[in-house]
Amino acid sequence: MQRAAALVRRGCGPRTPSSWGRSQSSAAAEASAVLKVRPERSRRERILTLESMNPQVKAVEYAVRGPIVLKAGEIELELQRGIKKPFTEVIRANIGDAQAMGQQPITFLRQVMALCTYPNLLDSPSFPEDAKKRARRILQACGGNSLGSYSASQGVNCIREDVAAYITRRDGGVPADPDNIYLTTGASDGISTILKILVSGGGKSRTGVMIPIPQYPLYSAVISELDAIQVNYYLDEENCWALNVNELRRAVQEAKDHCDPKVLCIINPGNPTGQVQSRKCIEDVIHFAWEEKLFLLADEVYQDNVYSPDCRFHSFKKVLYEMGPEYSSNVELASFHSTSKGYMGECGYRGGYMEVINLHPEIKGQLVKLLSVRLCPPVSGQAAMDIVVNPPVAGEESFEQFSREKESVLGNLAKKAKLTEDLFNQVPGIHCNPLQGAMYAFPRIFIPAKAVEAAQAHQMAPDMFYCMKLLEETGICVVPGSGFGQREGTYHFRMTILPPVEKLKTVLQKVKDFHINFLEKYA
């Protein structure tokens with residue numbers, strides 16, 4: 001093609017009109033001859049296609065950011081272009097992102113982060129001394145006294161020490177070893193990392209991972225990615241989403257026919273279900289794990305989000321140690337926490353940690369090796385995690401303001417949890433269990449037979465159809481229960497309770513009006 005074009009250009013010099021035409025004609029003929037000799041080749045097949053890609057990645061689904069969220073993005077763009085809708089904004093109630101919903105950051109955390117990010121501010125009188133003290137300690141532990149340097153793969157040493165001290169305080173003196181602490185890119189990174197080490201075997205010896213249904217879709221996504229076997233155990237919706245050990249026994253016995261159940265995942269407080277497990281339940285689960293030789297994963301990122309006066313958070317680590325050495329020396333446990341939830345709501349920093357106990361020394365080396373492949377978690381996220389576990393204490397300059405802000409966030413969440421539960425339960429065809437903790441409602445919804453048929457005609461799950469209609473008619477984005485798992489024949493959706501109270505009231509009223517109209521339309 002390049003040669004042909006050059007031949008055509010040759011005829012463009014200064015010539016008489018007649019000679020120019022003959023020259024152009026001659027050049028064009030020669031170019032045509034070249035093209036006949038070297039025909040343009042068709043584009044070759046792409047190396048990476050849906051057929052050739054990693055099938056485990058293709059099997060991954062993550063409902064929290066799935067099709068309905070993509071549709072919400074499309075609608076937002078349409079609103080920006082001036083396309084008329086029955087609403088003026090999309091309310092993203094699909095995800096637990098507190099600050100995106102208007103929650104203000106905790107002042108002390110942002111002060112320390114500002115000081116760590118721009119150390120020249122350490123000379124400013126505008127910052128309290130306790131914030132400066134923490135910032136200096138973090139920076140002194142970083143290479144070059146900068147958050148911009150890599151840390152050790154396991155995390156900054158002094159931050160791991162602070163995490164261990166926090167766990168010891170939280171658990172009433174039960175010791176925590178900094179060497180068992182691994183700082184992570186959010187809790188999700190820790191969960192996927194530990195599962196990578198746990199999954200092995202093939203055929204009937206392939207690792208089975210027990211997860212609650214409903215579950216947080218991270219678990220099913222990682223299980224698919226690792227080509228492990230998902231083993232479902234169902235929470236008891238009729239008993240406030242309680243975990244029943246008899247259901248665990250059923251699940252593990254049935255799974256042994258086709259896999260090797262090796263891992264038991266617990267989410268406490270529950271996501272999406274909002275239940276808080278009793279101490280007795282946790283003891284029963286630990287005994288079951290010991291009995292069946294299961295590795296326990298305790299997802300405890302909502303440990304500060306407990307609202308019911310009748311409930312209290314009990315860490316698996318604390319209960320395990322209080323059950324005595326037969327359990328505390330033998331049951332392998334990884335527990336997880338994060339900067340994203342609680343009262344801090346710092347999702348964007350991607351800070352987290354995992355504590356892993358009773359790990360074989362040789363496996364600990366393998367875990368550190370795996371972590372070293374990604375070098376280290378974001379050092380800014382590690383710093384944010386430090387402030388979560390090492391906040392101001394009584395007698396420090398920032399303590400009163402910090403306490404007010406913390407109590408305000410958690411108090412408002414408790415009010416919104418009760419408001420959501422009460423208003424949903426006033427709507428015919430909606431039932432919502434008590435929201436004991438976390439930051440979501442997971443109401444059960446009645447979907448008429450005609451709506452189920454309409455959903456099938458659109459090749460959608462009935463609750464996806466319901467949630468899509470809710471989005472298109474009200475602008476409210478929630479996640480269908482089918483994305484979390486649910487018992488056959490039941491339908492739910494997950495909705496965050498994070499919007500400000502007045503906006504939450506508006507959301508709940510819109511859901512109520514939509515649901516009543518939906519029932520009438522498909523009666």
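Heads up, the Cβ atoms here are built off N, Cα and C, so glycines get one too.
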(message) The pyridoxal 5'-phosphate site in Swiss-Prot lists A187, S188, Y216, N271, S338. Which one of R170, R206, R350 belongs there according to the record?
(response) R350
(request) From K84, K256, K341, K416, name the one Swiss-Prot lists as N6-(pyridoxal phosphate)lysine. (result) K341
(request) Between the Cα atoms of K415 (N6-acetyllysine) and A187 (pyridoxal 5'-phosphate binding site), find the distance and write it as a whole number of Å. (result) 27
(request) With a 10 Å radius around each C-beta, find which of these binding-site residues (S188, N271, S338) has the fewest other C-beta atoms nearby. (result) S188
(request) Return the single residue from the modified residues list (K341, K415) that has the minimum number of other CB atoms within 10 Å. (result) K415
(message) Need the DSSP three-state call for K415 (N6-acetyllysine) to compare against my parser.
(response) helix
(request) Note down the number of other Cβ atoms within 10 Å of the Cβ of K505 (N6-acetyllysine), including every protein chain shown. (result) 15
(request) Within 10 Å of K341 (N6-(pyridoxal phosphate)lysine) by C-alpha distance: pick out those among the binding-site residues Y216, N271, R350, and say none if nothing qualifies. (result) none
